[in-house]
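*Asks:* Take a look at this one; I'll ask things after.
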Amino acid sequence: MHTTRSPSASIQAGAAGDALDLSLNGSQLTMGRRPSSASPGKHFSRSISVSVAYDGRGKRNTLTDAGLGSSRAIKNLRRSNSTTQVNQQANTSLSSEGHTEDFLALFNSSSDGRRKLASLSKMSKDRTTWNILDDQPRVFPVPSSSHSTCSMDSPTGLKKREAGVSLAANFTANNRSNKAAVGNAVTAILHNNHSEKPLTPKSSNQKPSFNNLIKATVNDDVTLDVSGSLTKSQKNFSSASSSSNNNAPRSPRSPGQPRRREVTEEEAERYIQQVNHAAIIIQRWYRRHVNSKRANENIIKQLLASKKKEREQRAEEAKTTESLKKKEDDRKRIREEKARLARLTAIQELQQKRAQRAAEVQQIAEQETEALRHPGKVGRKKLTKSSPTSPTDIKAKNTDSNVNVVSDLDDVTNLRAASPAGSACRVSQCSQEILQRSVSMEDQRQGASSSRAQSKTTLNDLLDTLKLLEEEPERLSEPKSYRKDKYSWIDEDGDSNSLTTDNVERHRQLSQTPALPDGGALLSEAKLQSIMSFLDEMEKSEQERPRSVTSGSHREVVLSEEDLAVVEQASATAAEVTGSMMRLRLELDEKKRTVNMLQTALAQQRELTIRHVKETEKELNHTFQLQKEQYEATIQRHLTFIDQLIDDKKALSERCEEVVGELKQVDQKYTKKIAQMQEQHELVWQILGPMCEEIKKLKELMSATEKVRREKWINEKTKKIKEITVKGLEPEIQKLISKHKQELKKLRVLHEAELLQADERAAQRYVRQSEELRQQLEKEKDEQCQRERELAKQRFEKQLQEEENVLQQQRRRLYKEVSEEKERLTQLAARQHAELEDLRKQLEDNSSLAGRALREELEKSRDEQERRHQVEIKALKERLEIEKQTWEENYMKKEEAWLLSRERELKEEVRRGRDKEIELAIQRLEVETREAREECERAADNRMKRVREKYEAELRDLERSERTSLQKQQEMREKHSEMEAELLRLQSLLRQREQEISDLTQVTARDKLSEERRSLSEVIRQEFAERLIELEEENRRMKMEVSEAKARLRLEVERVTREKEEELAEVHQRVKSAILKKEETVNNLRKQHEAAVKRADHLESLLEQQRKQLLGK
């Protein structure tokens, strides 16, 4: 802004200058009593009102009425003060009716000045202003600095410069109003971009009247004042006019009295120019601030929309992951249920086989017992011919006992066959009940036939004992009944002194308990005790036999001495035979116990190997399942990551399209505004062109008239002041004048400093606010990015922890199942002795079949994986080609540099995150493969089926994705063709505009406008050419980036293919090593089995030899 100085700076020193300052500055002076007058002092208040106008191009109307008529001058002055505030002072209420005389009345005795002051003081007392064309008042608030006046610069061309003068009534009000109106109209046209309608001339004549221009300008100024503009205090400068002047005495006006001087036109124009310049600066700054605010709001809205989309995408991804987890859980449950049903069916089949085997073994044992029993019957018949008892009774008794025992054994076998999976306790209870029932039946029979049993001979008892020793004892299922019921028949049959067939059968049944490792010595000791007790009983019976024969059997024939000697010799030989038989029996028991121990060890070894094989198979299945799930999870994660990248690309392309559309809209808008401004500029030039000369003429005329009037007025006033001034008032007046000068200077300096400080503060505040908003936006953006990274990291760690927890839970559950299975197998181990041969044969057959099947499946899996690898490579190539095309089409649309930099940053971040994830996944896969190298041997069958199904599904998905990508490619090509058509249309439109501009340049007659238009067209052409060059550079850069990305992707594909080939080779090698290990274990088992069979055959041959030797003796 221009520098300001006080209008009183050029006042000459002296009393005249002081008097002029007193009459022009509008200061309130409260005068006391005159020294030589009896009238009281009057209060006096004057106001200076400056109208707001713009002097960009000096404007005024023709001087129509410059006469001296007071009514017309007052009316013009009222019109000129249409936008001026008339402020009433706060101390007017203190003025009384006695102080109503104007202070100028001391110097001017005519009624002219009083009449003019009265006409000015008749204005509204409620601080109102009037419009130009109507008399409706408008209320304005009173500013705090109502007494302050704005200083104005004086032109440098003027030699003589007077003090500041008040606005007189004869100042050409129309000229000032017209200039202000035209200046404001030009300002509104040139600098107000909010108005869209250009000014159009009237239909009567091509130039609008000044009154209409003044009215429009005043309305605009009023709206600016109501909206709180900063120029309000600069446009309205007024002092309060006391209402006490209405009661001042009036004297008749002398026609020859001179009028007061006016404010010069140059000062008013400079002041108007300063005010309008300040208003233009403030409006421009406000528009820039509003535009930046709107741009920031749009950026924030876009960021919020993108964040909302990202949240929705995350929610959808979470839903998809949950559905996939549910599906995987359902599949796991179905697989577990199938495995459980398969195990149950296998157990049932095994139990049925064992029951059949036990029945067959039982039948074979019965047949052997029957076969051994018949020779005993024949020998007994031959040897008991000399006994007095009848053989029919003995035969009947033996048959009865045999029938009972056989029936009991049949019951036991039936129970075993019916419930093979029952508990050992239930079997032991059934066997105990059968034994107790058989014992009770034997007791009844023994009570009935005790007399017949006592008459048996020693030879018959010896033969029964030999037959019992020759028979192989059968084992019971429970050893608990051993201590309770095994030797109960000895205690219960205290009356019988010899072994009967019933006792022998009962002893055979009770001695069928299995030989325990810790109870073998007890079993042999019990048998030895039973044999020794039997021999003692035989000796007692031999000693008691002669007495019983001689006394009790009167029907027998008395033996001779020779027969007695023979009998004694036979008894001695029998004692020797029994001793040797006891020794042999003990040795046989020891051998049998060793054979049983070896058989149990062999069975346990076989069961252990079978169990190990099953456990390894389960573990391999489990590890294969885990590997499959992990691979599927990683593949799914990579697919989701790729989908996310595609979605990000789509979002970025949409944003680019939106930005392009906005740029087009802004371009169209500004082209319209440029056209409107050109039309307005033409209209202004049409309006103001012929007025410039008139304004210059009016300026010259005004300056001449003003000089003459000012000189006359100064001379008259100096004369009046010299004549009327009282010497006693001069010192007081001088003091007041100096005091008011100082106050005015201070107020002006303070006001200027406050205005400058306010402008600086406002500018600094808004700059600071914009910087703070920009910094806050950057900070929020960085915080949001960091927060998103932290959330992604936490989500990844949480997912990893969940997967590890699930893996640990599955591992614990499987360990628990394995332990339960081991316990169950240990419980069922006692029932699996009869299945060793079948299991061996089945194991050999299954191992051979499994080896062949594994070889075939390995060949198939290798072929299938090679085929799948080729298909995947082909699909990846097609997908990469499609993505390359879509990427090129998307990146051709990007025109702004900040979008490109942002996209590169996002690409780098995403690439780093993807590389980190890929590295982590590769490391995790390597660790998992290293851990699972020794556990993937028997997983080929189910694996190939599932892999085949999975890859068929993947092929379907790939075909579907290929179709969708082809559709997207077609759509993008259509969009590209549309954009090319749009570009052609815009080029044609540009050519049309250039043609129109050239036509307009030919039509227009003014060289200045034609040059401006040509320069504008050249600027537009240059801008368009620069934009085309930028687009070409952008396209080249995009092509380079696409080629680099293609090369990187090709390298990555090659690396992935190499890794897959290495993994396949490693899997193939591991499978081969697993098969070789399996074959080695099978060969070792086969050799061990053959050695065990040979040992068993050898032991059986030894037992057979010993049995033959015993029978031969």
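Backbone N, Cα and C define each Cβ position, glycine as well.
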*Asks:* If you look at how Swiss-Prot annotates this chain, which of 78-97, 958-977 comes out as region 'Disordered'?
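*Replies:* My reading of Swiss-Prot: the region 'Disordered' range is 78-97.
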*Asks:* Quick one: which of 438-458, 774-794 does Swiss-Prot have down as region 'Disordered'?
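*Replies:* Feature region 'Disordered' in Swiss-Prot: residues 438-458.
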*Asks:* Using DSSP, what's the helix, strand and coil tally for the region 'Disordered' (306-331)?
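*Replies:* Output for the region 'Disordered' (306-331) reads 26 helix, 0 strand, 0 coil.
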*Asks:* Looking only at the coiled coil (580-1111), what is the mean pLDDT?
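*Replies:* Averaged over the coiled coil (580-1111), per-residue pLDDT gives 81.
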*Asks:* Could you give the number of helix, strand and coil residues in the domain 'IQ' (276-296) as assigned by DSSP?
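*Replies:* The breakdown for the domain 'IQ' (276-296) reads 21 helix, 0 strand, 0 coil.
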